[in-house]
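Peer 1: Summarising the annotation, Swiss-Prot assigns transmembrane segment to 3-23, 67-87, 136-156, 179-199, 287-307, 314-334, 415-435, 453-473, 519-539, 562-582 and lists sequence analysis as the type of evidence.
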């Protein structure tokens, strides 16, 4: 780890941790229905939306009604996004004349964006019309993030309330998170990105003549538009030579802003934030990294204020920051190591360079390694370089951060409710060690609570490992692997980890836009999202019904360094050890290969 990366990391954390309390306080006020600086324009619109939908925001829901409302809303979202993709060839705002998306790809994409995963098996500039990008994908970027915030706030209410039967109103939480948090921040960030050169228009694509002929390989497609494979299962490609380049246009900045702030991650273009029209320079890169973790960090402060003790939120934030700093340093160190070719040339370890494969020259190793850590610490999935080109151990950092459950800051809302599940596990373990009934924030942790916590922690590993096994055993699964051996296994493991944990980034060597992977990854995304959410809401309902107990002398404090250390240990030991055998077969084996 060199001085460039250390300076960038310290600057990043300083800005992030200074902004978190300010935004966290605003989120608490907005979600509680208190007056904020946005009330003057937001409240009339909020009331109008309630009247239009026939919703009484004061009518509270128990956890079951809250869960049903959330699930119905998200199922309707899948149907709407699917329909828009299938019909886009007949709809307006399609200057490139793009046809409707294939059924399996459309279903995968619909589930992906509704679940806040934003896994993309397609290239946006050659698949999605402007209308689909705006009305289907961008809208889901907002409401999927708002759903995560709403579920978190319901859990926090469960911890803050006592002897209560309700958790709030899902529709009110959804509207407030969108109107008062996501929309204003996205508007500000979109303007900032436009000022740096990010594209924002509805113009048709521009055809440019290149000075030199370009030659590249493209996947050979069948009559249904699916990639073809040879007798041995290898992908078939065609060589294309051209002197014409299409420069894609579109409403990029408006989608880019919420893609980052909502920890969605789906790029307008295939190259995502490595594309100069999405992320032109170092300033836009810093803004995008800050946007990814801004709301997850701020929600820790919101949590502390809502439960009546800011130190509770600070302790959770401290644990997240310790884990994040460690993983960031690891990624930077391994990516700064010279590749085998550079090592043979006796390149210095601390010299500029390192593993530059798959990295944009305008960002370099340090900014790419930090971006990779940021985007997989959150359930974002946006990338400014190719994770598949990371070194074997450098690629472990983004992979393992996802496998921990996306709790190191994590997604908007989802990261903190996942970390709170680990916090309850930590106090449960501590209670067992000292022979006392475990308590968290004055609530006794009982059998039902631990069953829900266990479901939250173990659901995604089960999906990841089972899905990886199915893909490795199936002919259709192995056919999508471009690189054989340990790295090919890592590509499958990464795809399943990304889908089940709702991240969306990929080791791009896997040809995943096939019926097999579209269905398999779609199932992983759906159950990885909603199994955990329903378990969290059941946990919230159980905690809300409990009386609050006074602090006892022998109780474990949950605001000090000891608790932070115990929480970090619980995340690493319980989360990471689950995947040790799989990691040994993939990136570790690849690293040990001569």
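Cβ atoms here come from the backbone N, Cα and C positions, even for glycine.
Give me the lay of the land around each of these features.
Peer 2: Nonlocal intrachain contacts for the transmembrane segment (136-156), taken as residues 6+ away from its ends with a CB within less than 8 angstroms of a stretch CB, comprise 27, 31, 63, 66, 70, 73-74, 77, 80-81, 84-85, 109-110, 113-116, 118, 128, 167-168, 170, 173-175, 177-178, 181-183, 186, 254-255, 258-259, 261-264, 266, 295, 299, 302-303, 306-307, 411-414, 416-417, 420, 533, 536-537, 539-540, 543.
A Cβ distance under 8 Å defines the sequence-distant neighbours of the transmembrane segment (287-307), meaning residues of its chain 6+ beyond its ends; these are 12, 15-17, 19-25, 27-28, 31-32, 145, 149, 152-153, 156-157, 159-160, 181, 185, 189, 192-193, 196, 256-257, 260-263, 273, 279, 313-314, 316-317, 320, 370-371, 374-375, 377-378, 380, 382, 384, 409-413, 415-416, 420, 441.
Listed by sequence, the residues of this chain that lie at least six past the ends of the transmembrane segment (314-334) yet keep a Cβ under 8 A from its Cβ atoms are 1-2, 5, 9, 13, 17, 20, 297, 300-301, 303-304, 365-366, 369-370, 372-373, 377, 390-391, 393-394, 396-398, 400-401, 404, 407-410, 415-416, 419-420, 423, 558-560, 563-564, 567-568, 571-572.
Residues 151-152, 155, 159, 263, 296, 299-300, 303, 316, 319-320, 378-379, 405-409, 445, 449-450, 452-453, 456-457, 532, 536, 539, 554, 556, 558, 563, 566-567, 569-571, 574-575 of the same chain lie 6 or more positions beyond the ends of the transmembrane segment (415-435) yet place their CB under 8 Å from a CB of it.
Sequence-distant neighbours of the transmembrane segment (562-582) (same chain, 6+ residues past either end, Cβ-Cβ under 8 Å): 315-316, 318-319, 322-323, 400, 403-405, 407-408, 419, 422-423, 425-427, 429-430, 457-458, 461, 464-465, 468, 493, 556.
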Peer 1: How about long-range neighbours of the transmembrane segment (453-473): same chain, 6 or more residues beyond its ends, C-beta under 8 Å?
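Peer 2: That would be 403, 405, 418, 421-422, 424-425, 428, 489, 492-493, 495-497, 499-501, 516-517, 520-521, 523-524, 527-528, 531-532, 535-536, 539, 574-575, 578-579, 582.
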Peer 1: Which stretch from 3-23, 179-199, 519-539 shares the most C-beta pairs under 8 Å with the transmembrane segment (67-87)?
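Peer 2: Top-ranked stretch among 3-23, 179-199, 519-539: 519-539.
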Peer 1: At a C-beta cut-off of under 8 Å, are there same-chain residues at least 6 beyond the transmembrane segment (3-23) that contact it? List them, or none.
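Peer 2: The answer is 286, 289-290, 293-295, 297-298, 300-301, 317, 321, 325, 328-329, 332, 336, 364-367, 369-370, 374.
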